[in-house]
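Pulled from Swiss-Prot, these are the features on record:
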type	residues	note
TRANSMEM	33-53	transmembrane segment
TRANSMEM	77-98	transmembrane segment
BINDING	His83, His182	heme b b562 binding site
BINDING	His97, His196	heme b b566 binding site
TRANSMEM	113-133	transmembrane segment
TRANSMEM	178-198	transmembrane segment
BINDING	His201	ubiquinone binding site
TRANSMEM	226-246	transmembrane segment
TRANSMEM	288-308	transmembrane segment
TRANSMEM	320-340	transmembrane segment
TRANSMEM	347-367	transmembrane segment
Amino acid sequence: MTNLRKSHPLIKIINHSFIDLPAPSNISAWWNFGSLLGVCLMLQIITGLFLAMHYTADTTTAFSSVTHICRDVNYGWLIRYLHANGASMFFIFLYLHIGRGIYYGSFTFMETWNIGVLLLFAVMATAFMGYVLPWGQMSFWGATVITNLLSAIPYIGPTLVEWIWGGFSVDKATLTRFFAFHFILPFIITAMVMIHLLFLHETGSNNPSGLNSDSDKIPFHPYYTIKDILGLLFMILTLMTLVLFSPDLLGDPDNYTPANPLNTPPHIKPEWYFLFAYAILRSIPNKLGGVLALVFSILILMLFPALHLSKQRSMTFRPLSQCLLWILVANLIILTWIGGQPVEYPFITIGQLASVIYFSIILIFMPATSLMENKLLKW
């Protein structure tokens with residue numbers, strides 16, 4: 001009799017995805033982030049569901065309901081901080097996952113990569129709307145500033161902004177719809193993740209060498225399931241340390257002040273994981289130009305397959321390209337720092353320089369270096 005996991009129509013799919021899946025024998029810890037992102041998504045959906053049971057999406061009671069969750073609900077503080085810091089973990093893993101994809105040339109799986117970029121946009125949208133829900137000062141002003149960017153779109157801009165707001169300013173209608181979208185989007189993200197995996201399993205995983213690994217495959221279970229569990233333990237350790245010792249480390253103190261449309265905070269800034277894009281937005285004096293730079297700073301990921309001019313897939317044996325990639329990482333850290341600083345000298349200049357370097361490395365230096373490496377290797 002055939003094993004049930006191989007014959008049952010539903011269990012068979014799970015078997016081919018997580019148990020009998022042939023995986024390259026040499027994939028490193030950099031391949032752990034996919035499963036960690038899946039765990040993060042599940043954690044966010046579960047904690048979010050419990051928060052939604054006690055939260056009220058109304059301007060008069062939203063802030064109080066979050067306070068009530070933290071003070072009166074059994075382990076409400078834990079659920080709330082797991083959800084808030086879980087988002088930070090989510091983005092750390094996302095950026096590491098994308099960085100891995102760039103380093104090892106995983107973007108040559110076009111469908112998987114493009115769905116991944118769309119997933120990034122969806123997660124960013126979800127996180128932004130979630131940040132608005134506690135209805136603190138930074139929630140309100142963050143929502144006002146970011147939604148206002150759409151007014152830079154020629155002709156339809158101002159109408160579009162009022163349509164999104166549901167009125168003439170960020171108010172009750174905005175909060176209600178943001179809650180609705182924040183609730184539904186993670187389920188859409190889950191569906192997209194399944195498509196992401198479907199496309200990945202069409203080609204099989206990439207590996208650190210960037211070479212074809214069909215001749216040397218091992219079953220996913222038990223080798224990589226145990227490896228993923230180790231990664232999961234590290235994640236739980238980090239997340240719980242953050243939640244139990246310094247839950248507000250990554251938050252903004254301004255968000256402990258209830259939203260007040262008559263009082264603007266001195267420095268409006270998003271959560272840390274958006275600061276690099278926010279710095280790029282601010283470094284361009286023109287409103288529309290800034291918005292385009294902001295969108296393109298993420299959308300540029302779509303161009304990686306086209307900009308890949310090297311004869312080798314991975315950067316493993318390309319020291320010059322490696323050097324450029326690490327300069328890009330350092331540059332992104334500088335942009336993140338600048339995004340959290342006030343708009344004054346010397347931060348403006350540093351931000352503009354870092355923005356130019358960011359686009360130059362990706363669009364000019366990396367492809368040029370690839371060609372030079374081909375030449376040096378006489379390919």
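Cβ atoms are placed via backbone N, Cα and C, with glycine included.
Features as recorded by Swiss-Prot, highlighted on the structure.
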{"residue": "His83", "record": "heme b b562 binding site", "Cβ within 10 Å": "21"}
{"residue": "His97", "record": "heme b b566 binding site", "Cβ within 10 Å": "19"}
{"residue": "His182", "record": "heme b b562 binding site", "Cβ within 10 Å": "21"}
{"residue": "His196", "record": "heme b b566 binding site", "Cβ within 10 Å": "21"}
{"residue": "His201", "record": "ubiquinone binding site", "Cβ within 10 Å": "14"}
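Using the rule of three or more Cβ pairs under 8 Å, pairs at least 6 apart in sequence, the transmembrane segment (226-246) is in contact with the transmembrane segment (33-53).
Here the transmembrane segment (113-133) has Cβ contacts under 8 Å with residues 48, 55, 57, 62, 66, 87, 90-91, 94, 98, 101, 106-107, 139-140, 142-143, 146, 174-175, 178-179, 181-182, 185-186, 188-189, 192-193, 195-196, 199, 270-271, 273-274, 298-299, 301-302, 304-305 of the same chain, all six or more residues outside its ends. When Cβ-Cβ distances below 8 Å are used as the criterion, the transmembrane segment (33-53) is approached by residues 69, 79-80, 82-83, 86-87, 89-90, 93-94, 96-97, 100, 130, 182-183, 186-187, 189-190, 193, 228, 231-232, 235 of the same chain, each at least six residues removed from its ends. When the alpha carbons of His182 (heme b b562 binding site) and His196 (heme b b566 binding site) are compared, the span between them is 21 angstrom. Panel annotation: around the transmembrane segment (288-308), residues 98, 102, 105, 107-108, 110, 113-114, 117, 120-121, 124, 149-150, 152-154, 276-278, 280-282, 355, 358-359, 362-363, 366-367, 370 of the same chain, lying at least six beyond its termini, place a Cβ under 8 Å from a Cβ of the stretch.
Here His83 (heme b b562 binding site) is compared against the binding-site residues His97, His196, His201, and the shortest C-alpha distance is to His97. Across the structure, His97 (heme b b566 binding site) and the residue listed as 'ubiquinone binding site' place their CA atoms 17 angstrom apart.
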